[in-house]
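Scroll down for the structure; my scribbles are underneath it.
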Amino acid sequence: MVFDKEAGSSSQALKAPPPPREDTPLLGSQKSLSSQAKTFANVFIAIVGAGVLGLPYTFMRTGWVLSLLTMFGVAALTHRCMMLLVYTRRRLESFDGFTKISSFGDLGFIVCGSFGRLLVDVLIILAQAGFCVGYLIFIGNTMANLLTSPTASLKTTMTLLSSKILGLNPKSFYIWGCFPFQLGLNSIPTLTHLAPLSILADVVDLGAMGVVMIEEVIVLLSNRPVVRAFSGFSEFLYGLGVIVYSFEGIGMCLPLESEMKEKNKYGKVLAFTMGFISIMYGSFGALGYFAYGDETQDMITANLGAGLISILIKLGLCVNLFFTLPIMMNPVYEIIERRFWGGRYCLWLRWLSVFVVTLVALLVPNFADFLSLVGSGICCALGFVLPSLFHFLVFKDDMNRTAWWSDVTIFVLGIGLGVSGTWYALQEMFAAKV
C-alpha cells in the first residue's frame, strides 16, 4: 500500500477536487448531509438504468428460477463489495494524513498507488462508455422498429429514406442521427445542468416499467406459454453478465456514504435499496418471460404491440436515454480531462469520445448480448474484484480466517465469472454476426 510521500501528496490534492466529478451525487448537497430517504433515492438513481429492459430476455435464456437466484445472489454480493469499500475507506481515514477519500479512484490510489488509480479509471471509462453504447443500441433498434413497421406504406417510405443515406440500415441511420445532437449535449461542461434530466429519466423508466408490466399481465392472462426454470451453465454465465450490469453502481458508493447524515445506518439503507431493486427487477423479468415465453425479444419493448401506449412508451424511453447519455459520459470526461488535459475542459476530447461510443454502437448487433459482455468483462472486475482486493490489502494484517477467506473467495469468484462470462458473451456476439 502507499502510505508515505505519494499518499501524503494525494491527500493534499483530495482536499479541493474540481466539481463536478465522477463522484458527484445527483441529489447531493454541499450544505447539508443526506437523510436516509435521500440516500435511498441516490442509490436507486445510481443503479437503475436501461439494463432492466434486457432482463425478460435474460430470464428466457437462463430460466426463471435460476435468474431469480442469480438476481438475489448478485444483489447480496454487490452490497457486500460496496460495504468493503466503505470499511476500507474508514480504515484508511483513521490513519494520520488521510482526511478525505472521495471516490473509488482516490481509494485505488491510496491502496495501490498510481497503478491502482489507473486501473479504476480504465474500468470506469469502459463501464460508463459501455452503458452509453447500450443506450445508443436501444435507441437505434427501437426507432428502427417503431418507424419502419407500423404500416406497410410507412415501412416502405422509411426503408427507402434509410437506404438513400449512405446506404445505411435503419438502426445505423438513427444512431448517426443522434450523433450531432449528442456532440452538443456532451459539450455542456456542468453536470449540475444535466442532473435533472437523469432524474426525469428514472421517473419515466419507472412509469414505463409499470405500464409494461400491466401489459404483460394482460398478455399472460390470455397466453400461457411454456417456460423453463433452469438452463445450462453457459446460459447462466450469459444471464449473470446482464444481471451484474443491471446492478452496477459501485462508483457512487463512497460519495453517497460521505454525504449521509447517519453514516452508521448506511449499510442498512444500502441493503434495503438493493433488496427493493432486486424485487422490482425480478418481478419485471419474470413477468416479461411468463407473458411472451420463447418469443421474448432482447429488448422487451419490442414485444409490445403497435398501439398508442406502446409507441409513447418506446418514444419516452428513447428520449430519456438520449438525454441521460451525457450524464453517463461525465465520469469519462472527468478522467480523460484530468489525465490528458490537466483537469481542464476539453471539447475535442469529449467529441472524440462520443464518436468512439457511436462507432461501437454501430458494430454491436444485439442489445442483451452487449449488456452481458459489459457486465461480465468490466462490471465483475469493478464491482467484485477490486473491492475485495483493496479490502484485503488494507486489512490483511488484522483480519481473521473467515474474513481472509471471504475476500479471497470474492476475488477469485469475480475473476472466474468475469473471464468465463466474457468469453461466452463474445461467442454470442460473433455468432450473431454470422
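Each Cβ is built from the backbone N, Cα and C atoms, and glycine gets one as well.
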Stated TrEMBL location of transmembrane segment, expressed as one of 174-196, 404-426: 404-426
Stretch in 39-59, 107-138, 236-257, 304-325, 345-364 most in contact with the transmembrane segment (404-426), if contact is a CB pair under 8 A: 236-257
Sequence-remote partners of the transmembrane segment (236-257) [C-beta within less than 8 Å, at least six residues beyond its ends]: 22-25, 28, 34, 39, 42-43, 46-47, 49, 51-52, 54-55, 58-59, 61-62, 66-67, 70-71, 74-75, 78, 81-82, 85-86, 89, 101-104, 107, 124, 127, 131, 263, 266, 270, 274, 277, 281, 331, 368, 371-377, 379-380, 382-383, 387, 417, 420-422, 424-425, 428
